[in-house]
Amino acid sequence: MSYNFILFVVFIFTLVIITKPLGTYIFKVFNNERTWLDWFAKPFQRVYLLILGESSKKEQSAKSYFFSLLSFSIMAFIFVFVVLLLQGLLPFNPQEIKGMGFSQAFNTAVSFVTNTNWQSYSGETGVSHFSQMLALAVQNFVSAAVGLCVAIVLIRSVARHEATKVGNFWNDLGKAIFWILLPISIIIAIVYIFQGVPQNIMAYLHVHTLAGSDQIIAQGPIASQEAIKSLGTNGGGFFNANSAHPYENPTIITNYIQMVSIFAIAAALTYTFGKWVGNTKQGWMIFAVMLVLFVISLMVMTISELHGLDFLHSKNIQDIYGQVGHLSNMEGKETRFGIFNSTLYNTVSTSASDGGVNSVMDSYSAIGGMMAMLNMAIGEVIFGGIGAGFYGFFMFLMLAVFIGSLMIGRAPSFLGKRIEANDMKWTMFALLISPCCVLVFTGLAAVIPSVHQALTNSGAHGFSEILYAYISGSNNNGSAFAGLAANTSYLNITIALSMLIGRFGVIFAVMMLAGSLVKKKRSSQMSEISSLDTTSFIFSVLVFFTIVLIGGLTIFPALSLGPILDQLNLNF
């Protein structure tokens, strides 16, 4: 227990310590200020902008920015889709892995372009080295950069006033990659290599084990992909076992680095926001609410796994475990990590849009699995994905401002800008599109016979497997209850559609809100008239309950049919 507590304190301390310097660095990068990595990034940026030409020089309106983002994502999708279809004909394929089928290639291309990294294939047997390096790993960078760009646009729109432009997508994209994602990923990858993570393009090794059997040991460019997998909150593993595999996550050090890197940029953006709008207390308030939500989720998931089998005491097996005070659920968990390292990792992963796991989610207790679903279903606003976590949280922040202002009889405003009906329409659109997507697709899948055949469990847990898949897809997480055999045409197509709607539907609403906010006047008198202190403890509590009630209750009926009923079936 003391080890678990120390690990928790060190993790939180690390997160707090890196938030200000990294947040300041991100602020400087996107404000064209001098940084200590200019020597590395500027040569890449010059070549990149030279190729783009005039399109990278002029600032864009919110609509123009969105359409540039969308056109880039469409081109990226087509490229990845074609590579996956034709990978059997392409080089760097020593295992002679065949091209994917249409529905699986469609699903995978959508998955990586939307920063979801849902995988209906086994990484080491379904994708060649060429596809891993040129298609999937590249998307890990650019899809993460797209999310960061959207967050930066939203921050700019709050900071600027009486303007029409929100920045240039192509310029922002290069800054996100060359100044932030690429250099940090290189450092992390080097550390991983020294920790024992392979980085090569060798054919798989055939070895004769001490037990007398033959075994195939997969090889590949793992360290480079693993670094951006966590930093970019992508989550798609080189191996089917993801970060439970010793080649992806060999030591307690790599496990810790992965957890910190998942939250690093998302946490830093809270300080970036505060610094940009000239009110760092506002940024720390956002950080604090996120942290409280995270701690509560972690506590519930950890307790449910530590005591997840206590109900078996009533099943007359207490003599077997009589010397143990409680029965912990170690099924599906690496013994080298134990329960707390597993629940900490998976809480981080499902709170962000990462989706990587170091233990099997389908083997968690019903309540443990439910907490993972809730982390995703509330929009992954507990730090969240790179960029996506911030703009998702901002939607709840806007709603809390609106509710709080009306409760005290004041005109809603935030940081001196009037919040009007049109702003709230886009806010609610962003908040409701993913839950609607989850409920509609889950309801349809629940009555499709082919989906039933893809389940390894029936009843409440089987429904939980379906529900988890669409929550994960719609919120661009990518983790899964492995009991669902997802490589069917129906599941590949519908989960891909949920990923597209959940990603670009929300981004569209955020960009429209940004376009509205950037045009508004900033009035110090408006802040005084509103009299709603958005950095106060009371407002923090309001934001907290807005997230819990609006985000949590939206999905509660579905959770009642899944993990909650599953838990009740175990107890009674």
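Along the chain as shown, the residues are counted starting at 1.
Positions of Cβ are set from backbone N, Cα and C atoms, glycine also.
Keep in mind the model is a prediction, meaning the values are calculated, not measured.
Record features, source Swiss-Prot:
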- 6-26: transmembrane segment (TRANSMEM)
- 66-86: transmembrane segment (TRANSMEM)
- 135-155: transmembrane segment (TRANSMEM)
- 177-197: transmembrane segment (TRANSMEM)
- 251-271: transmembrane segment (TRANSMEM)
- 283-303: transmembrane segment (TRANSMEM)
- 382-402: transmembrane segment (TRANSMEM)
- 428-448: transmembrane segment (TRANSMEM)
- 493-513: transmembrane segment (TRANSMEM)
- 537-557: transmembrane segment (TRANSMEM)
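Counting residues 6+ beyond its ends, the transmembrane segment (428-448) has Cβ neighbours under 8 Å at 377, 379, 391-392, 395-396, 399, 463, 466-467, 469-471, 473-475, 490-491, 494-495, 497-498, 501-502, 505-506, 509-510, 513, 550-551, 554-555, 558 in the same chain.
Non-local neighbours of the transmembrane segment (251-271) in the same chain are 7, 11, 14-15, 18-20, 22-27, 148, 151, 155, 180, 184, 188, 191-192, 195-197, 226-227, 230-231, 233, 243, 280, 283-284, 286-287, 290, 336-337, 341, 344-345, 348-349, 351-352, 354, 356, 358, 383-387, 389-390; each lies 6+ residues outside the stretch with a CB under 8 Å from one of its CB atoms. Note: the stretches the transmembrane segment (66-86) and the transmembrane segment (6-26) are not in contact (fewer than 3 CB pairs below 8 A, sequence gap of 6 or more).
By the Cβ criterion (distance under 8 Å, sequence gap of 6 or more), the transmembrane segment (382-402) is counted as touching the transmembrane segment (537-557), at least 3 such pairs being found. Comparing 6-26, 135-155, 283-303, 493-513 for CB pairs under 8 angstroms to the transmembrane segment (537-557), the maximum falls on 283-303.
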